[in-house]
2 protein chains.
Amino acid sequence: MSRSGDQPVGALPFDVEDVGARALAAARLGVRGANPLVGAVIVDAAGRRIAVGHHRGAGTPHAEADALANLRADVESGRLDITDANPPGAWTMVVTLEPCHHTGRTGPCSHAIRDAGIGTVVYAVADSTDTASGGAAWLAAQGHRVIAGSALAPEWSRAAAQLNHRWFSARAAGRPFTTLHLAQTLDGRIAAADGTSQWITSTASRHHSHRVRARAEAIIVGSGTVAADNPRLTARLPDGSAAPRTPLRVVMGHRDVPEGAALVGDGHYRHVRSRDPRAVLAELASVGIDHAMIEGGASIATAFLREDLVDEIWLYQAPLVLGSGRGAVGDLGIDTLSAARRFEYDDVGDGALARCGDDVVLHLTPRAADHDTDTLMRR
Amino acid sequence: MSRSGDQPVGALPFDVEDVGARALAAARLGVRGANPLVGAVIVDAAGRRIAVGHHRGAGTPHAEADALANLRADVESGRLDITDANPPGAWTMVVTLEPCHHTGRTGPCSHAIRDAGIGTVVYAVADSTDTASGGAAWLAAQGHRVIAGSALAPEWSRAAAQLNHRWFSARAAGRPFTTLHLAQTLDGRIAAADGTSQWITSTASRHHSHRVRARAEAIIVGSGTVAADNPRLTARLPDGSAAPRTPLRVVMGHRDVPEGAALVGDGHYRHVRSRDPRAVLAELASVGIDHAMIEGGASIATAFLREDLVDEIWLYQAPLVLGSGRGAVGDLGIDTLSAARRFEYDDVGDGALARCGDDVVLHLTPRAADHDTDTLMRR
């Protein structure tokens, strides 16, 4: 009987919490949106980390494919020597989410791992989405050793679940992931008493928000804002030209969209005659939108916050004080401090806070309540 | 006739804008408050920068003395060799403010420069305060070459004036420099609808604000806040113990201070029965207070902002959204965007923005209008 038979199934030539933490750090380099944040590390039989990868957002390679591509590039360029790295069958892919088993804009990671011949896969969190799940079972059926991280490295598994907790809950609810854009004064105003609001924030902030906007598949704006401000809602590059892809413009509310409205332009818009954020998101989901940006005005922002349907916030804060005028957020039905909507500053991607021209830009995501993570872990 | 007689008076063996910029960068390492921000650089006859210094706040050495102390320390430790640096009479002290000529908590810089034998002094901005001015004239009378930077390096001089523009205007008005403390939610609230407000910000933010508070000579709070919250208003260290120096507690407003109020404790408090910020500051100036921190509540913060009597803001922003409740700032009589109070994020000292526990802390100072700087330059 071989020695390995005495070892527990999970015995691995490295510390899973350590390597898992490295994979999570890689995941945090990505951006939030249609896809979850995922990081992957490849470790050889000697415990050496030979590749790291992460997902950079919808339409780009998944973390597993990125790690494999980085490995190939490093070997081909001579930066990495794997002649004594033992065969791929002795390697382990440590990944923060179960490898996908679905062909979307990129091929299934399950196949990429099989093709690379990597013997062992350790994943932090199971992917329970209908379209992409099944990668673990398929790989096991192909003869790979596949290990769920929840028992092996519970802290890592929990942290990986928390990192994407809002993405998982959006998917579970069958709705797009949402990003709220807010641009306000220090005292939380988006317009002065006489209605003037252009421009509270600096050109640099508006460029930044165009960059964020270009990641989304849809931009939601209230019909009142369309009537008042007539925004174009294009995603423009800093030089003023259009970004390669312009998101679907979505007008929500009962007011008609004026025929000459700027956002009607190329016809790539949709009017949802509802003020109910759930109804709007359901309609967007039905046309395949996975990531929507909420642009305003205040009543739209308030409606999404009230229903706890904001998954990410980019807050541009101009160094102005108005003291009166329209607030960025209206009544949420919250009357005591302990019931406040709790977020956390989010250092994923571009970071939690930065100067942006004359302004600062703050990045937030809802804080995971313990029960949220527990629900994820039980799935 | 010597060759030097053909040179303009201002001819110096270095670029004044360059060295001046270095002195300004040093000045920015200090903290705002009772004293202006000042930086100094000593350059030898070969144009080598042999010392840099800056002022660290009331009670600590002035920038000129700091630069001289750094020079001595570097020479004594052997880090700097000045054997071929030519004699001090051939050196130049480049300083962002006219050297003081007054004995406060530290000796006059005019004497320190004379004692060090430094031949030339170039200063960016004249010190027009009654108590400290006269350093340039006295040094010139002692035979030093003394050059005002305004003609020689106008950009530098202008930047130096801007750096302290609020300190100069506070001094010109005979009032203390003021620091406003704000602690709010993302939507600018300081209490929920039911009045709950403890704690919106994290322990780390409260520690940070105690550190800022310990720099001030007085803390101003409204009599309504005393009645409602009964704050101690001590400056405490992170371990909970009292800071070495506790500022004077100042209660403003008409309501009586309850006999058992926590801030009455050691008797180091003062009740000013006025809601007029100018009257309160005048009374503080009359008892020698040069730097006051405005702690709140909202009506006090609003009163100071309305009168443009806020020279610095520390804003602690917790990642919460309330949607209703008490705003941090009330009506300022501003009805249109172009009339908003304009600040700028201020990287002086601790920097313009930072994570602080769960919160972010933002540092701001009023933006200098062009006419403010022009007034300073004409003085």
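We count from 1, first residue shown onward.
Heads up, the Cβ atoms here are built off N, Cα and C, so glycines get one too.
Remember, TrEMBL labels are computer predictions, not curated facts.
The active site, proton donor annotation in TrEMBL covers B:Glu64. The Cβ neighbour count for B:Glu64 (active site, proton donor), using a 10 Å radius and every protein chain shown, is 29. According to its DSSP assignment, B:Glu64 (active site, proton donor) is helical.
Here TrEMBL flags B:His62, B:Cys100, B:Cys109 as Zn(2+) binding site. According to DSSP, B:Cys100 (Zn(2+) binding site) sits in a coil region rather than a helix or strand. Its Cβ placed at the centre, B:Cys100 (Zn(2+) binding site) has 26 other Cβ atoms within 10 Å.
Around the Cβ of B:Ala183 (substrate binding site), the number of neighbouring Cβ atoms within 10 Å comes to 23. Taken from TrEMBL, the feature substrate binding site covers B:Ala183, B:Ser197, B:Arg213, B:Leu233, B:Arg236, B:Glu295.
Around B:Ala298 (NADP(+) binding site), taking its Cβ as the centre, 20 other Cβ atoms fall within 10 Å, counting all chains. DSSP assigns B:Ala298 (NADP(+) binding site) to a helix in the three-state reduction. Taken from TrEMBL, the feature NADP(+) binding site covers B:Trp199, B:Thr225, B:Asp229, B:Gly297, B:Ala298, B:Ser299, B:Ile300, B:Ala301, B:Thr302, B:Ala303.
Summarising the annotation, TrEMBL assigns domain 'CMP/dCMP-type deaminase' to B:14-139.
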Original post:
Which ones, of the recorded positions B:Glu64, B:Ser197, B:Glu295, B:Thr302, are Cβ-proximal to chain A (under 8 Å)?
Top reply: B:Ser197, B:Thr302
**OP:** Looking only at the domain 'CMP/dCMP-type deaminase' (B:14-139), report the model's average pLDDT.
**Re:** 92
Subject >> Candidate with sparsest Cβ neighbourhood (10 Å radius) among B:Asp229, B:Glu295, the listed binding-site residues >> reply: B:Asp229
Subject >> Counts of helix, strand and coil residues, the domain 'CMP/dCMP-type deaminase' (B:14-139), according to DSSP >> reply: 43 helix, 19 strand, 64 coil
Subject >> Fewest-neighbour residue among binding-site residues, criterion Cβ within 10 Å, set B:Cys109, B:Leu233, B:Ile300 >> reply: B:Ile300
**OP:** Under 8 Å Cβ to Cβ from B:Trp199 (NADP(+) binding site), same chain, six or more residues apart: give me those in sequence order, or none if nothing qualifies.
**Re:** B:Arg206
**OP:** Between B:Cys109 (Zn(2+) binding site) and B:Thr302 (NADP(+) binding site), find the distance joining the two CA atoms and give it rounded to the nearest Å.
**Re:** 39
